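Sharing a structure with you now.
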């Protein structure tokens, strides 16, 4: 008989070797296989790659059902949910590492961590103690560790603000150390591997979160893009998991003093590792050039770069010398050839430009001015035309340089503004913001440049909505329920910024809106992005009364449908103020809503419009509603004077004609009667 071979035989052998059951003996065997204190994680160039085994069929089915139950979250009470979580934690004891490294069950671990109470959280933390390094390097387990760290930060703050000296425990409930001590114990486990974590695909995220917790910085949401924790790509992948953060995310936590000391010690340790033992605070010129070159490679590495950015951001908390900044950049006033070539790479590389853009925001103004004057001052326009690289650095310079340098950059960029906007709308927004910060510097020239681009005087078909928003090629009017694109959102925000910047843009936006067909205007009102532009145009104080009436003549006709729409309802709310001192239009809209009151009240959006328009008052106490309208008019137009009665002129009184209810000749009879009486 031929010798058996292949994957099926290997699977059978593995099954025989690692046969699982649900009894206590199996649990003891698992502990013997990978003991915490006897089997340190094997470290390779790619990090530890420990295999913790797999769950058997029964266990896998149980945890799958538990994950589905947690995802649906249809528990009748908080106590029922607590008991369920407790039972899952009990069943997972001894299997935490298998669960965390499983693609399916790691989601269950995260859900349990997010919903666990303080004792349950500590139990989970204790269960994976000693294996944080291994889990941090795993694709799925690293997310579990991140979620655990955020919840731990919240618990550390809670214990810090409300210390409990004698905890009352129920039954066999285990006594745990404080969360601070458990966290510090975990740090000691991770410290020997931190340099390697910096440029690891998964462990780098854990390390970044550690720095944020230790420095008491804001912990961003797990699905927030371009944050200190996640890239845009990572955010999209995270959203696919269908896990929602709890209230512990997206906020800052107070931390004990020991955390600052730990952070300082970690950064000192890393600096010495990168410089072959040199103490922090050493001048750039005294560090071995090979060490500088190696560290600069980390700065432009797509994985390590965000970590280095974060290190440079937090080092100023306790290091006045900014050792890591001075490791990257020289501190001399002369041009350094090697630094110049490094700067050129940063300004032309996508990862490098994002690194330079970020660290410029963290550095001292003096350090930024040095880089600007030595390597960028003479070629601002050239760098600004590098749409995906240098342009972002120039925008960062506009935000962080001194007034003199910013004005110099504006002098160079404003004449080229219309060209720069062809590929980078964000550049236009940043130039406008810089002009405002410098007291409307170059405002006239900016308005002129933007006017030529989006509303040319010599064009008969000029329309800023078409030229700026590109309505013709947009999703406006699509019947496929297409989502608005990111480009449409960017263009809409830019036009709103222009409208805020100068009245000229509001004026031409209103004119352009009125020049569109009514059907097109209403399509904009129901669009997820362009409705915000229409809403932004409706400014009662800045739009002429005649133009306000023309816009209202179009919008009021579909008031009921607008009120019942997610986007149109915001426009209806804006019309309440936009109709100030135009009471006839206000009452006309109120009557239209009143005629279809049932439809409006049955809509979640319509009910809000009904409330904001005070229509209950309009129905029951019309006089009080009109009084509220008058109060609003005084609030919107405080300088306007109420109509005054005409002053009587000092001229001889003329004989008045008889009133309508007075018969002819009655006045003479009255006079004769008075004379007869006399």
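Each Cβ is built from the backbone N, Cα and C atoms, and glycine gets one as well.
Grabbed the feature section from Swiss-Prot, which reads as follows:
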type     : residues : note
REGION   : 1-31     : region 'Disordered'
COMPBIAS : 1-10     : compositional bias 'Basic residues'
COMPBIAS : 13-30    : compositional bias 'Basic and acidic residues'
REPEAT   : 91-126   : repeat 'Pumilio 1'
REPEAT   : 127-162  : repeat 'Pumilio 2'
REPEAT   : 189-224  : repeat 'Pumilio 3'
REPEAT   : 288-326  : repeat 'Pumilio 4'
REPEAT   : 338-373  : repeat 'Pumilio 5'
REPEAT   : 375-411  : repeat 'Pumilio 6'
REPEAT   : 515-552  : repeat 'Pumilio 7'
REPEAT   : 553-591  : repeat 'Pumilio 8'
REGION   : 636-678  : region 'Disordered'
COMPBIAS : 668-678  : compositional bias 'Basic residues'
Which sequence positions outside the repeat 'Pumilio 8' (553-591), separated from its termini by at least 6 residues, show Cβ-Cβ distances below 8 Å to it?
518, 521-522, 525-528, 531-532, 534-535, 538-540, 543, 545, 599-600, 603, 605-606, 608-610, 612-613, 615, 618, 626, 629, 632-633, 636-637, 640
Of the residues in the repeat 'Pumilio 6' (375-411), how many are helix, strand and coil by DSSP?
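For that range the per-state counts are 29 helix, 0 strand, 8 coil.
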Which numbers of helix, strand and coil residues does DSSP report for the repeat 'Pumilio 5' (338-373)?
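Tallying H, G and I as helix, E and B as strand, the rest coil: 33 helix, 0 strand, 3 coil.
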